[in-house]
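Everything below concerns the one structure shown next.
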Amino acid sequence: MLLIPCPFCGPRNESEFAHGGPVRARRPDPDAVSDAAWVEYLTVTPNPQGPVQEHWWHVRGCGTWLTLWRDTTSHDIVKGPDDA
Amino acid sequence: MQRYSLFSLARNALSGHRNWARAWRSPPLQPAYDVVIIGAGGHGLATAYYLAKEFGQKNIAVLERGWLGGGNIARNTVTIRSNYMRDESIPFYVKSVAMFEDLTRELNFNMMHSKRTMVDVVQTYSRMRELRRRQLTMDIYGSTYEPISTEELRRRIPALTGGGPDARLPILGGMVHTDAGVNRHDAVAWGYARGADALGVEIHQKTAVQSLIRGADGAIAGVQTNRGKVRAAKVVVAVSGHTTTVTETAGLKLPLRTMNLTAFVSEPVKPLVDVIVNCPDSGFYFSQSDKGEMVIGGAPDAGQSFRRDIKQTVFEDTVTAMLSLFPAFQKLKLMRQWGGHLDIAHDASPIMSKTDVAGLFITAGWWGGYKAIPAGGLTLAHLVARGEPHPLMAAFTLERFRHLDFVMESGTTTAR
Amino acid sequence: MRERLPQGGRIDRSRRVAFTFNGRVYDGYHGDTLASALLAHGVRLTARSFKYHRPRGIVGYGVEEPASLVELLGADASGNEPITTVRIRDGLRAKSVNCWPSLRFDIGGVNQLFARVLPAGFYYKTFKWPDWQLFEPMIRRAAGLARAPTQPPANGHYEARHAHADVFIAGAGPAGLMAALVAGRAGKRVFLADEGTEAGGGLLTRRLRIEDRPAMEWVADAVAELAAMEHVTHLQNASVWAYREHNLMMVTERSPDHDSLLERSWRVRAGRVICATGAIERLLVFPGNDRPGVMLASAAQAYVNRWAVRPGRRAVVFTNNNSAYAVAADMQAAGIEIAAIVDARPQVPPEALAQVAGIDVLGGHVVVRTRGRMSLRSIAISPLAGGATRSIACDLLAHSGGWNPAVHLFSQSRGSLRYDETLAAFVPDIPAQATASVGAAAGLMTLPEVLTSAAATGGDVPRAHEAAYAIAPLWRVQAAGKAFLDIQNDVTVADVQLALREGYDNIEHVKRYTTGGMGIDQGKTGNINIIGTVAQQKGLTLPEVGSTTFRSPYAPVSFGAVGGLRTGEVQFPYRHTPITEWNREQGAVMYEAGARWQRPGYFPQPGESFQETVNRECGAVREAVGVYDGSPLGTFELKGRDTGRFLDFLYTNKMANLKPGHGRYGLMLTDDGLILDDGVALRLDDYRWILSTSTGHADAVNQQMEKLLQTEFPDWQVMVTAVTSQWNNATVCGPRAREVMEALGTDINLDNAAFPFMTFRDGTVAGLPTRVVRVSFTGELSYEINVAPRHMRKLWDRVMAAGAPFGIQPVGSEANHVLRVEKGFLSLGHEVDGTVDPHDLGMGWIMSAKKSDYLGKRAVALRRAADKPRRELVGLLPDDPNAQIPEGAPLTPGGRKEATEGLVTACVWSGVNNRWVALALLVNGRTRQGETVHVRLRDEVIAARVTAPVFYDPGGQRLRS
């Protein structure tokens, strides 16, 4: 059970959140990229053995979507939503 | 290869078991091989074995970062089954189950294969409909699946005392998959390792691949390890969970994410449950090992994870679901828990494929890949030796993502 | 109690307790464990071993106990309890596990005769022919130790609690108490948990002094001081069994102070964790080291000092370190004759010798054999370097292989370990979380060091003295005979040697091949010896061999405690509407209908079959009028000036141009181009919309909308509010729906021209404020009357009353399913099975070509560019109108057993067509209308004709009427 720093509510248990997936590249303009680039955008997500930037939704809390950097090898939150 | 039997055991007993041969050698690492397989797990070892046995390849090295059989094959819950939904999947798993059943004889190593059937406990009508659909398609390929009544379900699993008519999710019936079984996971790793070794395959433990090496033409040229460079024209990546970590070193991007899946065992108790019990609506499954432990699995963790432990939330969800159907287990004790990490493809189906790097092959995305080890090894050996996918795995190449032509095994049962 | 000492011990001699062990009644004192009480009666044989069924006795005194497990009987039936952790109380009944018919005459003992053919891993080499399953039942029965529980606890329950602490301290021995005092005095919130029945840890079993008083007096003062601090929580009988990420600690309290409470589990989130878990003594490995009467030195000391029990009359102490000398002294003081101290170290340190004046110390000697059938009678020793053996008569052999810091929790927290040569043990190295190890858990083995390390952050350190600790590792004695590395799993030195010989030379291979360390005790007393034996054999150092992973739980914990009160509806809460009560009164069959809603499937009347009920409900809708409760449909209110633009991105069709007062059906895709949901959007005014979604996907749609708005389009002005539970509705449908509306009384003009299909009106119906929407999921004229939940039951009753003259019937999910199939309306989970796109469903028209981008647009185009044959939605009419096709049945070419070309997604008895009709997904289906296709069942083929996927009112006049 992670302790997730919500920018509004402070540190809260993971059970209050829904995982929102890794942060991906910005959605390209579909008319401006090749098929291959579009497929890569849709299907390839960052999968680092180390810090990954990801979304969490404080769905059973204030409702905010936040992003943080979590180390996939340790669960350590290496950078919270409020960290510069 | 030294034969194992009751007679050889008795003969060796007379000499105090001092004359048993090594199950596999520890040969010196050569500078080059025809084929390098990264990862001495179930899939890597099986692929090496079938490459040597079925395709006559002799110059093969399996490189293992840690100890052979130490990846997910050391951590899974040994459920072997073929109750899939789609034409693309069922025949492959039917083949794999059949190969597992013959594996003790094939490898002269007791896999302790116990074809004890899996029983699904159904608690919603939508699940019932999905499983019936599965049954009718499986029947075409000769895989067994039969509906049974709640009464019959309780007769087969006397410990199943929850889920009555007034329960939150009453039991509506069950499905029986008589082809399903369990066996001894370490034996599978060791049996393949011993068999491959006897056919000349070299297994190098504590040999970590640090990067893939590409030649001037862009094709694979070998691997860089902690013990130096090893050249090979064909490299197979069979490192569940770490696939992208390895392939990124060759600049390859793959539609894979690494997730953590957990399991736990109870204290050993006398035989209580004779079948594999799968409760997809509640979200857990278990079987009782020959040692008497209940081997229990549940849902994956949220988010990517390379951890090999378990999160309390996931664990508690699994336990509470189990106690609702098996209230007597309140007094059973947790003995050990652990996790493994594996990669899951964008469409949640496996990937066995050539890649954009000529000579580089991957087998990945196995979500419950233990049951796929024999057929996975055979079909990957085919792909590596022939350069073309085996018909049973033709739908599972990377090619499918080019047109988003996913294989959707959505709603696969909880049991991995 | 002939072995009970006349005085001393932390037992209450005024409270006598009677209990039963293996069918015999014994007595003991309050404060005794099963182990101490049995030893007080001179009971030595308490168990049989797992594989060879060798006689076994009591080895330890706490959770580390490897040999003697018992099964509790009667009301508290449970299996595999270490005999050393069961507290006796009146009426307790216990038996030894894994022996039959009795402990003394255990049939399984014949395995000892076959021991030579049962080396490590023998089962991998045998039992292959003809089939493992021939042998498996026998093996399974032989394994498994205690019987499985078959009943939930007869009385009482479990519970779980959350707690927060600045400082969490595991262990209330001298280190833990000292740390708690320091933190508590500094005003920190402290959570102190200890697995023992009382605080004190190692001080409970030893005769040490603090501040020139018996150490237990200091403990009592410390406990009292902590109890007086409101910000300190101190639990005994509380096992800290897991150290999770972000300093989450799992604690199970075994006997909370309430009769009805069996166990309580705590989830404690801590700012800092202090591991004060002490150290565990390890076994020495020598032939016959498993015989009843061979006991850990620390255990012998504990029985003498804590329970005032003589575990033997004439003892030998065998050690490789200093700690056993105090044990010898304590035993001697208790009147036990010490025949000799056998020390493997040729040079015994003077501080050790100083403790045992007058006792014969044999330096440089080892025990090479033990004798005695059911319990120890004598041992044989010889010089370490080899030479003549000599026999010493004794009934107790107290041995000590040194101490392992209990690094389990530290290691679970991902802290790394380091091998300490001086201690010959693994000790904590680099922490991975906010953790500190203090006292013996950190490798500090004497009381002054322990107290100093625990007080690290401040405070006065009480004065104490303890002789220095020193050890020379002895991983095993080189002598012939079965020497056990893992007593519980019967793993011997020979087994490990065989594993190495066969190439299983990684420590994990050794563990798995021999099963060493995989028992219930998880090798707490023996694992290090396995590592040492492997190191010795391979000529490596211990760190080179490495250690196996420490996994949770530290000690077994009941699943009941893990689950707490979370069962049934607490685990899976369900949602229902104000009509649930009414449904039940009508005898509706209710079931789980997705997203945790319980909905009525059908409303059977007496004597009706299922099909008759469904036919009646369908007939009412088609011919007169029906009503259903549509409340579970997901409902969202969207506000803001960018709502139209947002909906245009969300839905495949154009929404922004919808006029206020109107509604439009829409389809929502994932960006992968697969169908996520379908529903209706209503435009209330320029900036306000209502979306309705399917019941099952409402949460997914909500997440999708919030994620897009908050992460992709943060500058768009759209506010989403989930209002599913703010709006309920009764949907009146059927050709006479308008008449029912009129009968209800409304200020809304119901005229079709004034209030046409796909529009809505706010107004009063039956005296209630409503929003009425003309949508139809049945193909008939329909009014969805939306009200606030507080009005729903009233509305429902009035609809039933007003509809009665028209024959109104309540309609369940089953009839709704039939009605939508007749119309070819798609259903998520049936036709939409995760593979189809809108074109496959014949809904290409809904994919806007004008909008430049929306979710899934590019993906659908890309997928279709592959030009692969697609499975398309069609209707099927079985050649035999009375032939029902099972839902999900495959279509195969010619009905042969080969790869499928489609499947039947739904099949219903259509009353209006007087036959079975089906929907199916069929390869290139739209071009195959009129063709005959074949449904393949196991022993049957059903032929059916391909039609358009609509069986009733294809023009849709009725729903617009």
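Glycine is no exception: its Cβ is also placed from the backbone N, Cα and C atoms.
A TrEMBL annotation is a machine prediction, not a hand-curated record.
What TrEMBL says about this one:
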DOMAIN    C:166-430  domain 'FAD/NAD(P)-binding'
DOMAIN    C:481-562  domain 'SoxA A3'
DOMAIN    C:580-851  domain 'GCVT N-terminal'
DOMAIN    C:871-953  domain 'Aminomethyltransferase C-terminal'
REGION    C:876-897  region 'Disordered'
Fill in: Residue numbers, six or more beyond the limits of the region 'Disordered' (C:876-897), whose CB comes under 8 Å of its CB atoms
830, 903-907, 909, 914-920, 922, 932-937, 941-947
Discussion item. DSSP-wise, what's the residue breakdown of the region 'Disordered' (C:876-897) into helix, strand and coil?
Written reply: 3 helix, 5 strand, 14 coil
Worksheet entry | Average model confidence [pLDDT] within the domain 'GCVT N-terminal' (C:580-851) | 96
Worksheet item: Tally of helix, strand and coil residues over the domain 'Aminomethyltransferase C-terminal' (C:871-953) according to DSSP?
Response: 7 helix, 40 strand, 36 coil
Discussion item. DSSP on the domain 'SoxA A3' (C:481-562): how many residues come out helix, how many strand, how many coil?
Written reply: 37 helix, 8 strand, 37 coil
